[in-house]
Each structure stands twice: as structure tokens, then as C-alpha cells.
Ligand code: ASP
């Protein structure tokens with residue numbers, strides 16, 4: 001039989017697979033002629049063979065309907081009693097049996113069409129039915145919506161993934177990676193693999209360690225990223241590298257994180273940040289156009305300082321029009337200490353957030369928002385409801401207005417653009433607390449009040465500081481210690497806290513999609529950064545000797561970035577969690593409930609690894 005057009009369409013992007021697929025058909029090694037979801041009117045009167053799972057079985061007064069499901073969708077197959085043997089088999093099958101069906105495509109009568117089914121305009125009149133495998137009743141039904149707990153879904157992930165919405169997400173993920181590969185291949189990037197058993201690469205998380213059997217007492221670290229290897233590939237002259245790379249970070253999984261995750265990892269030589277941002281921005285623009293038919297304009301650039309000031313976040317969600325507006329200057333001299341204290345402290349921030357139309361907010365909602373900002377350490381949430389500005393103080397409803405001169409209030413209300421009917425929230429505390437609390441409140445209000453002005457809002461955040469100060473006054477690299485500063489080694493050493501880096505992050509809808517930087521390619525600069533970070537000469541040699549060596553032997557100027565693939569797919573599929581777009585994710589406690597990993601190992605294996613446990617595991 002001729003290879004069907006529908007199937008061709010799906011594989012048009014992958015010529016070699018297409019040929020293989022066609023060849024198999026020629027040699028009759030493939031069982032199916034079509035995927036269920038690809039059947040349509042153009043195939044009317046043709047014979048087809050389907051292979052898949054029994055999604056639903058219905059007995060309609062002497063006629064049996066089987067909905068057969070495969071990864072492309074569903075097809076309805078009708079068995080009538082004329083073919084007694086086939087009919088008897090159809091009568092015996094149950095949900096999730098694996099079957100092969102041969103039959104003829106026919107149009108459904110007008111009234112019997114199903115717009116919710118890709119193949120809903122046709123049905124197949126079944127001639128032959130072969131049961132390829134039986135199935136026990138699945139732990140949760142697939143043919144109706146049921147609220148199944150995530151633990152059960154993950155334990156039986158192979159069944160969960162049969163659900164069309166899950167299959168859709170993984171299919172989209174595959175289209176995303178192939179679009180990205182195509183773009184990078186076409187632009188001269190080489191796909192190079194880097195080791196999984198390696199040394200620690202500092203990206204700010206805890207390492208996963210693997211004990212060495214052949215080197216007693218020594219451990220490999222799983223890579224937190226291929227960072228140093230991709231830099232070494234630049235030193236080796238590869239010029240443009242990419243890898244869709246697994247990375248491992250042993251973090252507390254409070255947020256939506258996974259201990260192993262995938263990055264689209266990129267590095268280039270002889271390009272500056274403008275070039276690298278340009279290439280990768282085009283990659284992302286192409287991707288959205290190809291896969292979702294969404295067009296972005298050029299991405300705006302925003303400094304970190306501006307993002308923090310206006311949105312209280314290093315990854316601002318620009319779909320939400322609310323902004324933070326600083327008002328310390330108006331509150332320095334007021335008697336109200338809650339405001340005057342922070343307004344006079346350079347480490348603090350006093351800011352206002354206007355919510356248009358928010359004056360009608362009930363007390364309970366304000367109380368809930370007060371609790372919400374408490375999560376971020378805010379001690380309260382002051383507000384002014386602007387009922388009628390023309391009425392002066394009388395027109396303002398607020399627990400704080402009596403403590404602040406009306407002139408100052410009016411300057412503040414003018415500055416935030418408040419009009420009658422608005423509410424203005426205030427934050428006054430340590431700058432970090434205020435930005436985090438009001439930044440998060442801004443997002444929450446955006447969702448609660450549905451304030452989104454567009455569907456996609458990408459941007460670049462730039463001008464990050466080189467270092468963050470820890471509570472004990474020591475410094476940590478804001479990106480990683482291989483990021484180049486915008487200044488000379490001498491300037492960096494003289495005032496590290498003021499130094500900006502050549503790093504950049506791409507942000508989409510309030511999520512960091514990726515980040516990278518121009519790297520240090522000069523040994524003196526690299527050692528200066530290590531010194532500022534408090535890494536002694538000995539430790540530098542011990543941990544990064546190979547990098548310092550590489551920097552001596554002709555390292556080109558280079559830089560790159562990495563995108564988080566799971567996050568990207570999550571945004572593009574509209575999934576609620578990255579676990580929904582990973583075939584076999586770990587739970588929040590970093591375990592796999594299906595394979596029961598991590599698992600205990602026997603004493604012999606531990607001995608070989610030179611390991612003695614501090615506490616014996618509890619007997620089962
Ligand atoms: N290695 C960095 C990361 O994993 C990305 C980069 O700088 O290229 O975040």
C-alpha cells in the first residue's frame with residue numbers, strides 16, 4: 001500500500017527517518033499502515049491497519065465500537081456481527097489491550113461526527129482484529145477524566161504517559177529540541193558531548209557525588225553544568241559548541257526544580273555579548289515561530305538595577321503592567337518610624353505599588369495579601385485606598401494617612417499615578433525583603449486580578465554585579481566565577497562589590513529561560529576573581545589547575561549561555577510544572593517512585609567502594 005500522506009506530513013522534517021519508515025513498509029516489517037489520529041476523509045474507502053491500545057469499548061445493540069489509541073490520537077473502529085469471529089474477539093477485548101486492527105475507512109454519517117477527535121469525521125469498519133497483548137485493569141482509567149494523585153501517576157508513569165495530553169507535551173518537547181538542533185547545526189555549532197563523571201563545577205548548588213571504586217576515598221561529581229568543558233572546547237579551537245546536556249544539582253527541591261535537568265548549552269569564541277545574545281535570541285524567535293506560530297519582536301534589554309527597581313525581581317514578568325515606585329524621599333522626615341527608619345537607611349527601600357481599581361478590595365483580601373508578603377519577611381502591608389482624591393484626607397481610606405503629611409501623600413499619589421478607585425500598597429524594610437515581597441505581590445495581583453496585557457513577554461536582563469555579598473561579608477559569584485567583569489583586574493580587586501559583569505539572562509513571562517556570560521580568558525583576571533572569592537592559591541591549583549593551564553596556552557575570547565530546556569518546554573506547552581514535561585521526573589523529595597531510586601546497596605558493593613555507612617539502614 002502507498003505510504004500515507006498524513007504520516008508523511010509528520011515526518012517531513014526528518015528525511016532519514018522518513019525513508020527508513022517507507023522502507024520498512026516495503027518489506028512488510030511494520031505492522032501499521034497509519035496512525036489512528038491521522039485518519040481522515042481523504043482515506044475514505046481505503047483499507048488501513050492500525051496498531052494501538054483499546055481506549056474505550058462500547059456495545060451498542062449488537063454493534064461493538066472500539067476507540068483505538070496510539071500516540072497520534074484516537075480512531076473509532078466498528079465491528080458488526082456479520083464477521084462472527086472478529087466480532088467475538090472484539091467482544092472479549094478490554095481497556096488497554098494492545099491490538100492490531102485491519103478495516104476500511106468510511107465517512108461517519110453527519111450527526112455522528114466527533115469534532116473532538118482528530119479522526120472524528122471517519123470511522124473504520126473492522127474486518128480483522130488481533131490481540132497482540134492483554135492488559136490488566138489499569139490503576140487509573142485513561143478513558144475518562146479522573147483526579148489521580150501525582151504519586152500514582154509517577155509510579156505508573158508508563159500508563160500516565162499514554163494520556164493524550166502527556167503524549168502531546170513530550171511530542172512538543174521533541175519538536176522543540178529538533179528545531180533548536182536544526183538552528184544550531186545550520187549556524188555552524190558542533191554538538192560535542194562532555195563527561196558526566198567529572199569534578200565539581202561551581203554553579204552554586206550542592207554536587208551529586210559518585211564514589212570511585214578504583215581510587216579509594218575519592219569521588220566524582222556529576223556536572224552541575226558542562227561549564228568548564230565547554231570553555232576548554234573553545235581553548236581547543238572548536239569555535240561554536242552546543243549540547244543538549246543533562247545537569248545535576250543536589251538542591252532542596254522547594255521550588256519547581258529537578259535534581260537532574262536538561263540544558264541547551266552553548267559556547268562560542270570571538271563573539272561579544274551583543275553577538276551571542278543576537279544568535280540565541282534568533283534561535284528562540286525561530287523556535288516560537290516554528291513550533292507555536294508566535295512572533296516576538298526584538299527583545300528589550302533591561303539592567304538588573306532597573307528590573308529590581310521597577311519590578312522587584314531579576315526576572316520581571318512584563319506581561320503584568322504594575323510597577324514599584326520608590327518613595328523614600330517623601331518619608332524621611334515623617335514621625336511614623338515604620339517608614340522613616342527604612343527611608344533613612346541606605347540598605348533599605350520604601351516603595352509603593354499602585355493597583356488600578358483596587359479600592360474595592362475587601363478587607364479579607366488585603367489581609368490575605370498581608371499574610372502573603374509575610375512569607376518573604378515583610379512585617380506588614382500598609383495601604384491607601386484612594387476613594388476620592390479631591391476630598392483630601394477624607395477621601396483616603398488607610399491606616400497610615402494620619403501619620404504622613406498630606407503634601408507628601410499627594411506627591412506619592414501623583415508619582416504612582418493614583419486616581420479615584422485605586423489602592424496603593426507600601427513596602428518599607430531591608431531592600432531585599434521589600435523587593436522580594438512586593439515583587440511577588442505584583443505577580444500575585446497580576447494573576448488574581450487577571451491583569452495580563454499580552455501572552456508572551458521576553459526580555460534580556462543585563463548589567464549584573466560580579467558578586468553578591470553574604471551575611472558574613474564574604475562574596476559569592478553572582479553568575480559563576482568564570483564570568484568576565486566589565487573592569488580591569490586592578491579595579492576589580494580595589495572595589496569588587498561595585499564591579500559589573502558581562503553576564504546576561506533571557507527572561508520570559510517571569511521565568512529565567514537561560515543565562516550566560518562572556519568568560520574570563522586571561523589567567524591573571526581569573527586568579528584575581530578567585531582571590532576576591534577567597535580561594536587560596538593552593539585551592540585554585542587543586543580545583544582549577546587545568547583551567548589555569550588552559551588559560552596559559554592560547555585561550556581565545558569566548559562566551560556562551562545555557563537555556564533550561566525543561567522550563568522552556570513548560571512555558572511553551574502551558575504546563576503547570578516541569579514534572580509535566582519530563583518523561584520520568586523525580587518527586588519533590590528527589591526520588592523516583594517507579595524504580596524506587598535511590599535504593600540501598602549491599603555491603604559487598606559498599607566495601608568495594610570503600611564506604612562504611614554511619615548508620616545502618618533500617619531493616620525493611
Ligand atoms: N553554566 C551556566 C549555567 O548553568 C550557563 C552559562 O554560563 O553558560 O547556568
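Using N, Cα and C of the backbone, Cβ positions are placed for all residues, glycine too.
Nobody curates TrEMBL annotations by hand; they come from automatic prediction.
Per TrEMBL, the features are as follows:
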- 60: site 'Important for tRNA non-discrimination' (SITE)
- 111: site 'Important for tRNA non-discrimination' (SITE)
- 170-585: domain 'Aminoacyl-transfer RNA synthetases class-II family profile' (DOMAIN)
- 203, 249, 479, 519: L-aspartate binding site (BINDING)
- 227-230: region 'Aspartate' (REGION)
- 249, 250, 251, 258, 512, 564, 565, 566, 567: ATP binding site (BINDING)
Spatial neighbours, same chain, of residue 251 (ATP binding site) - Cβ under 8 Å, 6+ residues apart: 205, 206, 257, 259
Separation of alpha carbons, residue 111 (site 'Important for tRNA non-discrimination') and residue 60 (site 'Important for tRNA non-discrimination') (Å): 16
C-alpha spacing of residue 512 (ATP binding site) relative to residue 519 (L-aspartate binding site), in angstrom: 20
Greatest C-beta neighbour count within 10 angstroms, which of the recorded positions 60, 479: 479
Neighbour tally for residue 203 (L-aspartate binding site), based on other Cβ positions within 10 Å of its Cβ: 17
Collapsed DSSP category at residue 249 (L-aspartate binding site): coil
Shortest C-alpha distance to residue 565 (ATP binding site) - which of the recorded positions 111, 203, 249, 479: 249
Sequence-ordered recorded positions from 60, 111, 203, 251 with Cβ under 6 Å of an atom of ligand 1: 203
Local backbone state of residue 519 (L-aspartate binding site), from DSSP in three classes: strand
